[in-house]
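Undergrad: Here it is, the structure, as structure tokens.
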Amino acid sequence: MLSHPMKLLFFVFALSALLAAATPVVEVRDYQQFSRVSLINFISFNKARGGDLCANGKKTMCCGELKTFDKNILGLLDGLLTTVVGLAGEILKPTGLVGLECVPITLLGNGGLSDVCKANGVCCKDLTLRAAINVGCVPINIL
């Protein structure tokens, strides 16, 4: 008959073997491919439940350029402000980045977001000037 310490040792080894056999082993060789699949699954889940990749009323956009909001950008947008009513308060107190040459990302396509957007994937406020300039953008990882 086994002594108490031997029983405990046997129990620990048996439990370790059981847990090791029950734990799935996942080997990821291509991390970028894994992250793309994870992002696509996340987006698909959000779309299926009626959500969006971007929260708080922001829109998923693909922008050709991202700029920090400074006086040069304000000068560029100054002419546009006269034609857009109600945006002056938002422009004078900006948060985030300004996205230039932006288009909304609505379809994933066969290859995922990286095929749809080869530039900068961002979440922008639902505030667009002249359909290509977005205010209050935050970069997202599209790979």
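We number each residue from 1, going along the chain as drawn.
Each Cβ is built from the backbone N, Cα and C atoms, and glycine gets one as well.
Below are the features I grabbed from Swiss-Prot:
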DISULFID  C54-C123  disulfide bond
DISULFID  C62-C117  disulfide bond
DISULFID  C63-C102  disulfide bond
DISULFID  C124-C137  disulfide bond
SIGNAL    1-22  signal peptide
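Walk me through where these features lie, including what they touch and how far apart they are.
TA: The Cβ of C123 (disulfide bond) has 22 neighbouring Cβ atoms from other residues within 10 Å, across all protein chains displayed.
For C62 (disulfide bond), the count of additional Cβ atoms within 10 Å of its Cβ stands at 19 [all protein chains shown].
Under DSSP, C102 (disulfide bond) is assigned to a strand (E or B) in the three-state scheme.
Following the DSSP three-state reduction, the secondary structure of C137 (disulfide bond) is strand. Its Cβ placed at the centre, C137 (disulfide bond) has 28 other Cβ atoms within 10 Å.
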Undergrad: List which of the disulfide-bonded residues C54, C102, C123 have their Cα within 10 Å of the Cα of C62 (disulfide bond), in sequence order.
TA: C102, C123
